[in-house]
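Peer 1: If you scroll down you'll find the structure; I have some questions about it.
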Amino acid sequence: MTTHQDNDQDDFSNVTWSEHVHEQAARSAAVNAAEGPGRTMEEAGNSSAQGIAREKLECTVGSPIKENDGTKDAFVSYLVTTHSTFPSFQKEVTTVRRRFTDFAFLFKQLMRDYPACAVPPIPDKQRMEYVRGDRFGTDFTSRRAHSLQRFLIRLSLHPVLRRSSILHSFLESPDWNATVKSRTTRGSIASDPGGSSGVFDNFADTFINAFTKVHQPDRRFIEVKEKSDKLDEDLGHIEKVIARVARREGDLETDLRDLAEQFQKLITLEPGIEPAVHAFAASIEDTATHLHQLKDVTDQDYLGSLRDMQAYSLALKNLLKAREQKQLDYEQLTEYLNKSTSERDSLRSGHGASSGPGGFIRAKIEDVRGVDHEQARRERTRKLELRVEELSSEVENARLTSDRFDDEVIREVADFERIKRIEMKAQLGNLADAHVKFYGDVAELWERYVMEMEKEGVPIA
């Protein structure tokens, strides 16, 4: 196992990341001085971490409880404890109970309010536990509690999302359901009155752009995508190794409990050594219990963190796709502007009125209608000038939007890197601590057994 981990860790050593459009203006203003046309990920990373340490925001999720038990509306709630020095909080330490749908609502609101952020995802609801009916089991709720805590920790480490009013309300408000209702109503009113037309337009844009490539790809974001793919590959390798380790720990626990049971059966055959055999079987049983605790950390916490990190990496990739969409909008508008400008200039020079098959057919139709060709040419020129003027403004707006989005994505990449580094260090530390505790407890357990046997006068080899 050590060899696999060493190799995967070597892979990770090469994975470096170097660093949104709404409330993010405050963050942008703080780093404008550091920005430039060639701004690097490292510069963005240095600037984005400056505002993190001002106010404390620490969150823990645990104590899952099944509520409305025995009814069709049963659900699991989780205790969310927050330590914060934000002035907006009423108390420094607050505790609230939230269910999974509350976390899902928070995630959707953050996605809507911060489109230029790689909002950390929540654990996937589409799992086999929902099919088998095990979603109230201890194993499932413990895994989900760990994942939900990682979700809140990532938000608390993000320089913009940690200041979100909806997050603060989620962490503290005793009347959260009223907040959900008001936000849902407000969102329905603010939605496009055209309804399906807006959805269709977005789908059409996405479908068309799926077959369109950026003419001038930015090398910075190509490198981010490549490193993100490498990270996913490394995480996949480590996940397979850790999953195998967790299974073997589970198998070893089962074997130890079977061994303890078999030793207990020896007592009826050899009653003269009952104290020694009973103590030995009890020590094996306790060893199995400690191993079970280690397996829980390996399986529920660390293995889950690898899968959650893959989901977080996917959120960053989706943000890169959104950035590419902004660039595509700019390039396509520019292409349309150039085409309209060329057509206008051609008409001005007098060569565009009858050139090409289209111009020939148009001239013949105008002849049939008795239209003055010169007047028609001037009218088309005027309309083209208006179109060029309008498109010039749209192109400039698209360029500014694309540039601003680029800057936000650069900072977001650096934020992702910083959060990833903190999280992976903490998760590896927790796993190491669990192993140290396991071996320390087991060593103490068997040392105590040896001492007891020596007191009983039982010879120890």
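Cβ atoms here come from the backbone N, Cα and C positions, even for glycine.
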Peer 1: Looking at 129-156, 185-212, 353-380, 381-408, I want to know which stretch TrEMBL calls coiled coil.
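Peer 2: Feature coiled coil in TrEMBL: residues 381-408.
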Peer 1: Based on DSSP, tally up the residues of the domain 'PX' (56-178) by helix, strand and coil.
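Peer 2: Going by DSSP assignments, the domain 'PX' (56-178) contains 53 helix, 28 strand, 42 coil.
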Peer 1: Suppose you look only at the coiled coil (381-408); what would the mean pLDDT be?
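Peer 2: A mean pLDDT of 84 is what the predicted model shows over the coiled coil (381-408).
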